[in-house]
Every structure is written in C-alpha cells, then in structure tokens.
Amino acid sequence: MKKNKGFDSSIEKLARTTASKTGRRGFIGKLGAFLAGSALLPLLPVDRRGRMNEAHAETKGTLGREGWKPQDKDPKSCDYWRHCSIDGNLCDCCGGTLTSCPPGSELSPSSWVASCFNPGDGQTYLIAYRDCCGKQTCGRCNCMNVQGELPVYRPEFNNDIVWCFGADNDAMTYHCTVSPIVGKAS
Amino acid sequence: MTTFQSSRLIGKLALAALLATTYSAFAADAVPSSLGAIGTAKTQEDITIEPGVPADSKRVYVQDPGHFNVTTTVYSIDGKNNNLLGMTDSGKLANLMLSSDGKFFVTSNTTYSRIASGKRDDYVQVIDAQSLKVLADIDIPEGRFLTGVMERLASISTDNKHMLFQQFAPSPAVGLVDLEKKSFVKMMDIPDCYHIFPVPNQGFYMHCRDGSMMHITYDDKGNTKQKPTKVFHAEDDYLFVNPYYSNSTGRLVWPTYEGRVFQAKLSDKGAEFLKPIEIFSDKEKAANWRPGGWQVVAYHKARNEIYVLADQRAKWTHVTASRYVFVIDGTTGKRLRRIDLKHEIDGISVTQDADPNLYAVSAEDKTMYTFNALSGKQTGKVDELGRAPTISLTLDK
C-alpha cells in the first residue's frame, strides 16, 4: 500500500480529538453522517475490467507474509486494491457487490476506515468498510488484509470488530463486507 | 410363522402403549413410539456418559470461533496424551475464562432467537472442567463487545468471585457479574479503555487509547474508583490484540507489531512498568523478522521465559500465520532458543509446569500441535478441530 502519511495523520488526529471530546454514540453518529454525505460525491473512476469474467468465488489473492500487492482487475480477489484492510468475507462473493449487501442482509451505518492505493490510476483513496449483517458469516472469499489496521484501542481503524452497530433490528451478526470509496486521499 | 408374527405384533403394541403412558404425546424429545422394541432394545453392555477427568497442568482449551460463526466451540484437551476430552458450545465470538484452580471455566455468550437474526440474548455460563456440565447460567445485558476473539475482553476476578466483560456500544462500560450469587450486578461506566486485567481486592486495569492504563476498583454494587497510570508506550507502538496476562502474578507481556515487548507488573498497589525488550537484533529487523498471528505471545512464569510467534514478513501482515517461536528471557531479553514449528501457526500458549508443553494452533490445518517447550520437539497433535481454531488457553498454575 502506498500510504499518504499526511492524510492518515490528519484523519487520526481528527478521530482522536473527536473521540476525546464526544461520547461513543456521538462519534459514530458523526462519522456515519460524514460517510453518508460522502455517498453524494460524484462517482470516482473505478476500473471494473475483469468483473464479468468472474463466475466463481474460490478465495484468491490471500495476503501472504510477502506483503500487500494490490491489483485492480478482479474485485472478487482478496488482493483487489479496495480490500486493503478487509478482515472478513467479500460481499461480492456472497450475492452482493463491491458496494451493495447481499439480498436479505442489513447494511450497517458504522464503519472502519483505511486508505488504499489503486495501482490502476496511481491514486490513494479513503475506503469506509461497511459490514452487511443479520445473516450467518458468508464464508466465501475470506480475506485477512490489514493494511494500516490498528489495535482495538484505536477502534476506528480496527477490522476485528463486528461493525454492525446501528444495523436495522440491531442485527449484530456479521455476514460480509463492502468497500465503498469515501474520496481521494491524495 | 403366523404365530410368531402375531406375538411380535402384540409385543410391539404393548410397548407402544407403555411408551404412550410414560411420555407425553406432545413431548418433542420423547422416544418415538414407532421405534418399538427394536429401537429401544436393552443392550448387553452398559452405555454410560464419561465422567471426565479433572484438569491437570497439561490441560488446554482450544477455541474455534469459525471466522465469525454464530457459535464458538470450546475443545477441552488432555495435552499430556493429545486426547480430546469433550466439547462445549458457546455463542458468537464467545470469551473463555479459566478459574485459578482449574476446576471450572466460564463462557460469555451471545445468541439470537432466529439463528443469525432476531432477538439477541447475552448470557454467562459456568462450566465444570471435569464433567463439562453447566453449573450456572446467568443472564446479562445484551452488550458484549463482539470482536474476533480477544481473550482479555472478559475476565474472572483473581478470587474467582466475579466475572467482568467489556461493552463497546452504546458507550464504553464493563459489566460486573457475581459468580457466587449467580447474578448480574451492574454495567460500570469506564473511559475509552480496552482489555480487562484483574488484580486482587476487586480491581482491574484496562489499557487506554493514549497508551496509559486505568486502575479501576469496584465495590459489591459496582460503584467504581478510577485512577490512570502514566503513558507507557508511544502512539506508534501498536500492541497486538492478545497479550499474555497472569491473574495470579499480575504479569503483563505485550508485544508490538515490530517486535518490542512491553511488560508490567500489575497489582492492587499500582502498576510497575518494566524496561521494554527488543526481540530482534538490528540485523534481524533488516531481514524483516516480525511477530505475527492472532495469539502471538505466551509466558512461563517460573522460568521467566517469553514465547513470541514470529516469522520473516512484510510490514502490515501482522495477523498472517507464523512458523517460528522465539524464546527470550523475561528480564534481560536474551535469546534463549528458537523453535521451528514447521506449520503455519496462528496462536500459541504454554503450560506452567516444570516440563512445559507449547501448544500451537493452526486455523488453516484445523489442528493443535503439541511441542515440548524446552526441546522444541513436536510430541503430538489433535486434528479436526472445527472450522478455524485460533486461540488456546492453559491454566495459570
């Protein structure tokens, strides 16, 4: 991952300052509002080449000790650039897409964030990972990516948490994760 | 022939009538009357339920949360003989806690009325370590912090009287459960801190976002007093989510992503932070040696040995499995030995006896491998452990 330290640092400082001055619910609510607002941004250039060729979902591109080597061709592979900090199942392999939950599941309004480098356009983007909830864990395309992932005492950057807070019916069971873009990080 | 069939028919009818009077027609678990004599035949050999064996120093419990499955399985294993003794069902991302004497263990659970949705129900169970029977079932508020299993997000107090569990939403809190009275007491408000490290006299420490710890004491009603310690690590010293902690000694051993080990001796009197240890030399760091896995550290108290799961790896691969264990002196940091596990391992633990076992769990292999912790030789294994076992617990004594 190509890290943008300045941007990361700014986001971290913002998160830490906000968290220290507000309650947990307020912090998550504000972050959720920020992310909801970001959905109104114009669609950013995303390379979807190769998606039509993927009819199977055998887990591919799992992270090895050699490190993160992102590609921009196959969103159903763990090494697709947007998935740089997903520790879980890709919704794209579970009946959803990169940005939609599988039918019958519930979208969580809360998320953790990471900045991921897109080798297709050489840009780094902030990704707000959302969990789709209310169903048993999907089990397909199980990825363990941890680019920039911080320990649980920095929860907004931690992907070990079941991020189903605020999902309809308080459905706190994890099903899979989507990888929507918040915006450019550089 | 006809006579024989008639007598058999009469026999079946008589048995059916007997069963009908014995079991309610509406009881879902009743023996079906249609089974007749064959299905309920008396055997020449007695059929029994194993009474189990008491936990000894080699006892190990392996947890399989099945990659965020709605249930977690706890495997009770006799590590001396690599023999599976039994299983315990627990809920989604359940926490497991062992009593100080090894006689019972506690699970904190979350289940749903409709498998993965519906009404949430959180509860605590106390399980007899020998018989695996449920000794107590205690309802708690639906607030357990659901994460990949982190051992110290719930703990038993040092005197085994209380159980404490972490809540994250809607606000940070720690739940207090009275195990003796088998009742929930209170959700105790806490600041932005995580993990629960019990100390004597109804107290515990938590690790806070700014790198300090918070010493919290509580009375029987859950009223707290809180006192922060100094900041003991820098902001960019990222600590793994599963540290080693001993309830009996208060020893905390906590490595970072880059291989620095922070340690503390926690007590009801205060926290003593030890000088950090570097696991790897500068040359090894240049060769990309780093800790990695899910449960990366263990400690042998009497030998003062720290065990760290590690491998050559790129930065930001800290949860990927490792193949080696580095054993270092807990005071000087001197390298004592390196164990080549020859397997992709996610979690390690060691027993506290004089000739300790090292247990190494592999999610990919669904297997627990047993090693002699001193010689580094593999002595056995237990395979077919569920879907993705990642963590193991041994007794504190």
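Yeah, the Cβs are placed from backbone N, Cα and C, and that goes for glycine too.
Per TrEMBL, the disulphide partner of A:C164 among A:C132, A:C133, A:C138 is A:C133. Looking up A:C101 in TrEMBL gives a disulphide bond to a cysteine among A:C78, A:C132, A:C138, identified as A:C132.
Which of A:C94, A:C116, A:C143 pairs with A:C138 is settled by TrEMBL: its disulfide partner is A:C94. Residues A:N159, A:D160, A:I161 are recorded by TrEMBL as substrate binders, and the candidate that the same record lists for that site, out of A:D87, A:D92, A:D121, A:D131, is A:D87.
Only one of A:C141, A:C143 is recorded by TrEMBL as the disulfide partner of A:C78: A:C143. Cross-referencing A:C93, A:C116, A:C176 with TrEMBL gives A:C93 as the cysteine bonded to A:C141, criterion being a recorded disulfide.
The disulfide bond recorded by TrEMBL for A:C84 joins it to A:C116 [selected from A:C116, A:C176].
In the three-state DSSP reading, A:C133 (disulfide bond) counts as strand.
In the three-state DSSP reading, A:C141 (disulfide bond) counts as coil. The recorded positions near A:C101 (disulfide bond), taking a 10 angstroms Cα-Cα threshold over the set A:C94, A:W112, A:C164, are A:C94.
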